[in-house]
Amino acid sequence: MSIRNDNASGGYMQPDQSSNASMHKRDLRVEEEIKPLDDMDSKGAVAADGEVHLRKSFSLWSILGVGFGLTNSWFGISTSMVAGISSGGPMMIVYGIIIVALISICIGTSLGELSSAYPHAGGQFWWSLKLAPPKYKRFAAYMCGSFAYAGSVFTSASTTLSVATEVVGMYALTHPEFIPKRWHIFVCFELLHLFLMFFNCYGKSLPIISSSSLYISLLSFFTITITVLACSHGKFNDAKFVFATFNNETGWKNGGIAFIVGLINPAWSFSCLDCATHMAFEVEKPERVIPIAIMGTVAIGFVTSFCYVIAMFFSIQDLDAVLSSTTGAPILDIYNQALGNKSGAIFLGCLILFTSFGCVIACHTWQARLCWSFARDNGLPLSRLWSQVNPHTGVPLNAHLMSCAWITLIGLLYLASSTAFQSLITGCIAFLLLSYIIPVICLLAKKRNIAHGPFWLGKFGFFSNIVLLGWTVFSVVFFSFPPVLPVTKDNMNYVCVVIVGYTAYSILYWKYKGKKEFHALEESENEQAEYSNNFDTIEDSREFSVAASDVELENEHVPWGKK
């Protein structure tokens, strides 16, 4: 890991070798007199030009709460198990988690390096702007932002749909005569979406909700895992069932294809690792905090999801009953078998439900920031409307509501196909990976020769970039395969149509409108300093810029993470 001093925009300050002790004291006094944005009376911070900015109200733990609250791997495994357990059984999910976690380390490393070099709420589309050749930088940034925003909307839709499936499944478990239909889940989806969208309408509560989501998720994980193991009374499956038994119920004659298609379950559970990068304007020292949050999300996700599935699969009493269940939520059937009572299974299901609320709220936080940041550069129709931060609530409210409107419409896909959930999951994974590879390709084209930030892993970073590119191609191709055979109009995976259609729309919008309106100009040094250093006026940032190099010089040899 390379450790160097970095400025707010990801480059390096050249220290003034002629600085003396009195200069240091004067500069430190200037720094101490700066008024943080958190102390301002307004809900959002008001710059010298009158524009309302986001407040720096997030800490490392609340950023990690947003990151893990969204990725939430053990929860993702639970709610999307229906998309994976029939493609290989427990064995596929266990080994799938290991495979995807290793790949996620590489994805997290790639994103962490870029977020450390260029901390910005735009995330990958901002990195594309900084790294792409001048001739193509605007188009690269636009396509990257367009893919990223689409991925965030599909993530929110798929997460909300998984929660709706869980709720309907809980009712079906206690009412054996009830047969869930698609319209039941659709109605539940829309009601849950309407309820949960209000939590992102007021910014002051978001850090509290984010931190709480982390603790609620971990508490639910421990409670469910311990309860299931304890109530199994030692009646566990043998290791061969968990680690070496392959069950293919997909109709694919090739077991390898079935396994690969089933990887969508753990892949979805480790997606959205860029979430924390879009909070860069709302946290101190984002060049350090964001990479920690990303890698922490992967680490916590692997430990919780792996331990969770091991406990669940050793406790299954009848796999065939789980696969043939009509609840639509296999994890509830596993709880019911382990506890031997539906009331206990419903209680554990409620813990998943509480965890899911934090996950969906984190989804909304993330997608709103992406939409807002992209709209600031005129990347969307009516960008002026979506790029505003509401001065009363302190959040990009218009961007949030517009994104929620799209989720409402995407929910209609579930009425068209019985495998729409699989399509939404694939859309989430594919669009996000496509947005990641654009800046990574630009980084590799520069031979990784950039003014990097404090998080930089050298050769392993290069290896991670290559893995990310290969995984993207693999995922977009294989996760677009039909989940079951024979294929009909009702079970077809329509995500390939969605990806091609949306890409065509983005290119056409760029050609006829975006090319003229999408400015994507780099922010001035003053504006970036205002965000990164938590100043309330541009004048303060100018004063601090004189002091910064000397103050940073004192810490030149302090290891990363200890400054």
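Each residue, glycine too, has its Cβ placed from N, Cα and C.
According to Swiss-Prot, the listed position annotated as phosphoserine out of Ser42, Ser110, Ser158, Ser210 is Ser42. Both Lys447 and His519 are recorded in Swiss-Prot on the same side of the membrane. Residues 64, 67-68, 71-74, 76-78, 90, 93-94, 97-98, 101, 104-105, 108-109, 111-112, 115, 217-218, 221, 224-225, 228-229, 232, 236-237, 241-242, 266, 269-270, 273-277, 331, 334, 338 of the same chain lie 6+ residues outside the transmembrane segment (294-314) yet bring a C-beta within less than 8 angstroms of a C-beta in it. Scored by C-beta pairs under 8 angstroms, the transmembrane segment (427-445) has its highest count with 492-512, from the stretches 183-203, 206-226, 492-512.
Cβ neighbour count for Asn341 (N-linked glycosylation site): 12 (other Cβ atoms within 10 Å of its Cβ, all protein chains included). For the topological domain 'Cytoplasmic' (79-87), DSSP puts the residue distribution at 4 helix, 1 strand, 4 coil. Counting C-beta pairs under 8 angstroms (sequence separation of 6 or more), the transmembrane segment (183-203) fails to reach the transmembrane segment (492-512), with fewer than 3 such pairs.
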